[in-house]
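Engineer: Copied straight from Swiss-Prot:
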type: BINDING; residues: 187-194, 212-216, 233-236, 300-303, 328-330; note: GTP binding site
type: BINDING; residues: 194, 214; note: Mg(2+) binding site
type: DOMAIN; residues: 181-350; note: domain 'Hflx-type G'
């Protein structure tokens, strides 16, 4: 059963988003939305609590998911009334994270997020558990309050140290890729980032219609371009996540953001106000991690919208859009045009060199895109494309530049 409390009818919290999240792990059979101010004891109204308790008995509900953030006492009180496990939105997201955390780093990041969620609640959870077992509070009663709090703090410190070491490995790996142009994909879950990655690279990475299919970074080379351009996809954003959860995954987000070019991927079929809000969040997160790379705004799923919707997006959201392009990764619409835009915004320049130096020729073939290679009088006249700074450096170093 899914329950969502909204402050007013204008509250943008979405039961559809909660349902989409829940369906990753469970089979929701009932959804309830209540509009009212938060109740300090239950989060939702006490009258509704009584009615839900009856429904749970009648319909054999096994778990209740509340789409708001519960205090430990609210969770305890609801579990006591419902006699089944109760979790809130953050706990649901953490469980989804665990499902998709396949690497050591992803598992550590999920555990860190879980512990940072747990820390301010630790003392209260232990205190409540000692009052009597309720679903979801098992085991906490075995701890002394302060000892459990300190245990959580120590584990957080240990995980942060481990993640920093892994982060350093990432920096080394990024240096190894420095000779290639890099493109990072940023966006909300289900905007179609993974589908876009597949379309750009010709790969067939898992692309389920579920949130958080991608938790770790994935890097592939763009197909159909002579120059080697690497694209990185990473964890998608979701609404109302507290800062500590975003922070736990910053290292994977940074992997995309530390690129020569950023593609902000947006679901063009969303409502215009929703697109606006998500674009603002994307730019805020890029600003938070001090990303200075140029941006292309990729409106995916153009096959699902009308020309009029496209016009409205461009007119009404002009201040939030940088270098827009409308594509469909699924149906290969405008994907070649997107590749051209990527090359254009990577600030690639063209240079020409006349040389018979085999080491230089080998270097050019390995590190630049060769446009033309003409052999004349035992010398190669090579026209190549690379980052502007690299072209200038190569031409400067080579006295035979023409």
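A Cβ is built for glycine as well, from the same backbone N, Cα and C atoms used for every other residue.
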Engineer: Take every residue in the domain 'Hflx-type G' (181-350), average their pLDDT values, and give the whole-number result.
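Structural biologist: Within the domain 'Hflx-type G' (181-350), the model's average pLDDT equals 83.
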Engineer: Could you give the Cα-Cα distance between residue 187 (GTP binding site) and residue 194 (Mg(2+) binding site), in whole Å?
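Structural biologist: With distance taken Cα to Cα, residue 194 (Mg(2+) binding site) is 10 Å from residue 187 (GTP binding site).
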Engineer: What does DSSP assign residue 187 (GTP binding site), in three states?
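Structural biologist: The three-state answer is strand.
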Engineer: According to DSSP, collapsed to three classes, what secondary structure does residue 328 (GTP binding site) have?
Structural biologist: strand
Engineer: Here the binding-site residues are 193, 301; which one has the lowest number of other Cβ atoms no more than 10 Å from its Cβ?
Structural biologist: 301
Engineer: Taking 10 A as the limit, how many CB atoms besides its own sit near the CB of residue 328 (GTP binding site)?
Structural biologist: 21
Engineer: Fill in the CA-CA distance, residue 301 (GTP binding site) to residue 194 (Mg(2+) binding site), as an integer in Å.
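Structural biologist: Approximately 13 Å lies between the Cα of residue 301 (GTP binding site) and that of residue 194 (Mg(2+) binding site).
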Engineer: Relative to the Cβ position of residue 194 (Mg(2+) binding site), how many further Cβ atoms are located within 10 Å?
Structural biologist: 23
Engineer: What is the separation, in Å, between the Cα atoms of residue 328 (GTP binding site) and residue 194 (Mg(2+) binding site)?
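Structural biologist: Roughly 12 Å, rounded to the nearest whole number.
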Engineer: For residue 301 (GTP binding site), name the DSSP secondary structure in the helix/strand/coil scheme.
Structural biologist: coil
